[in-house]
Amino acid sequence: MEEANSEFLNYKGTGMSVMEMSHREKHFLNILNESLADLRDLLELPSRYAVVYFPGGATLQFSAIPYNYLATGESADFAVTGVWAKKAFEEAKKFYPNVKSIFNGADSKYTELPTITDDLVNEGAKYVYITSNNTIYGTRYKTFPKLKKAPLFADMTSELLSRKLPIEDFSVIFAGAQKNIGPSGLTLVIYDKEKLPEQTHPIPNLMNYSLMEKNGSNYNTPPTYSIYIASLVFKYLKRKGGLAAMEAVNERKAKKLYDALDASSLFYATVPENFRSAMNVVFRSHNDSLDSKFLALAEEQGFAGLKGYRDVGGFRASIYNAMPEEGVDSLISFIKEFERTHG
Ligand SMILES: *Cc1c(COP(=O)(O)O)cnc(C)c1O
C-alpha cells in the first residue's frame, strides 16, 4: 500500500495514475502481463494451465464453472462444507438440476471435512467441487483428495497464496482477491486448458473461460487498479521467498494461536485439530455472557473483525498473509489477559 501510495498520482514518471490509463495502453499491459507471469512463478504453474482475471468476485464463478463445464443434463459432485460451498452448489443446481451433494457438513455443524476418494464420486460426475478453506467455519483440507474418476475443482478464495499447493491435482482453482491477493471484485481463475470441454451451448462472454483467456484477461475493461495492486502483492510475496516462506510463517502464526486456545480455560477452538484452518481461527468462550465484553475490549485495543459470522456466533480471527506474526502475538496476549481478569 505504501508503494501504491507513492506512485498513486504519477506511475513511474508517466504523469498518470494507473487508474487513468487505458486498459490497452502499454504501461497497463505491462502491469497485467507481468502480474500473470509473477503469479505463474509463485504457483509454479505448468504451461497447460491458464491463469485469467475475472470481474464479479468469487461468487460469479459459482455460475461460471457449471456454464463452462456442464452440458444440459450433466452432473457434478459438491462437498458442502460451509456457507460458500452451499452457495456454489445451489447456484449450479439452478441451471443443472442433476448436480449432487456428496457430503453435508451440517451433520457436524461444519466443523469437519470429508475424506474424498473415488468411491465417494458419483458415476457421471464431470467434476468434484470443494472449498479448500472454509472461511466462516474455519476448516481446511490439510491434504487434498487425489481422484481418478473426476477432476477436482476448488474455491481457494480464503487461502490461495498462503501455502504451497499440489497444483496438478486440480483442474480448476479460483479465488476472489479480497482475502489474500488484493482489492475485492477481482477474481483469479486457474484452469487446465486440456480439461476444458468443447462448448455445447452459449456462455455469457464475461463468464466464458476460453474467450477471457484468448483475450489475455483484457476482453473488456478489466478492474485495472485492482490488478495493479495484485501485481504489487505478487512481487512482495516473491521478495518474501514465495509460498514456501509464507506457509512457514502462516503455520507458525496459526499454531501459536490454536495452542493458546487449547491451553485456555475460558476459550476453546471449535474445530478438531486435523481440520483447522491456518487462515481463519474460529473460537468460542465457555461463558457466552462475556462475549460482548470481550469484543468491545478487543475493538478498543485495535483488534478488528473478531466477531464470528452472523449465523455462527463466537469469534473468528482471520490471520491472512497480510497479518504479521506480531499481530497474532498481540492477540494471544490479549486473550490471556482477558482470561486472567475475567476467567
Ligand atoms: C469470501 C468468499 C467468497 C465470496 O467472495 P465474493 O468475492 O464476495 O463473491 C467465496 N468463497 C470463499 C471461500 C470465500 O471466503
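Every residue gets a Cβ built from N, Cα and C, even glycine.
Keep in mind the model is a prediction, meaning the values are calculated, not measured.
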Of Gln178, Gln301, residue recorded by TrEMBL at the pyridoxal 5'-phosphate site of Ala58, Thr59, Trp84, Thr135, Asp155, Asn220, Thr221: Gln178
Between Arg24 (L-glutamate binding site) and Gln178 (pyridoxal 5'-phosphate binding site): CA-CA distance (Å): 25
Spatial neighbours of Lys179 (N6-(pyridoxal phosphate)lysine) that are distant in sequence (at least 6 apart) but have CB under 8 A: Thr135, Thr157, Ser158, Glu159, Met279, Ser318, Tyr320
Annotated binding-site residues Arg24, Asn220, Thr221, filtered by Cβ under 6 Å to ligand 1: none
Largest separation between Cα atoms (Å) of residues that the record links to pyridoxal 5'-phosphate, namely Ala58, Thr59, Trp84, Thr135, Asp155, Gln178, Asn220, Thr221: 31
Nearest-integer angstrom distance between the alpha carbons (Cα) of Ala58 (pyridoxal 5'-phosphate binding site) and Arg24 (L-glutamate binding site): 25
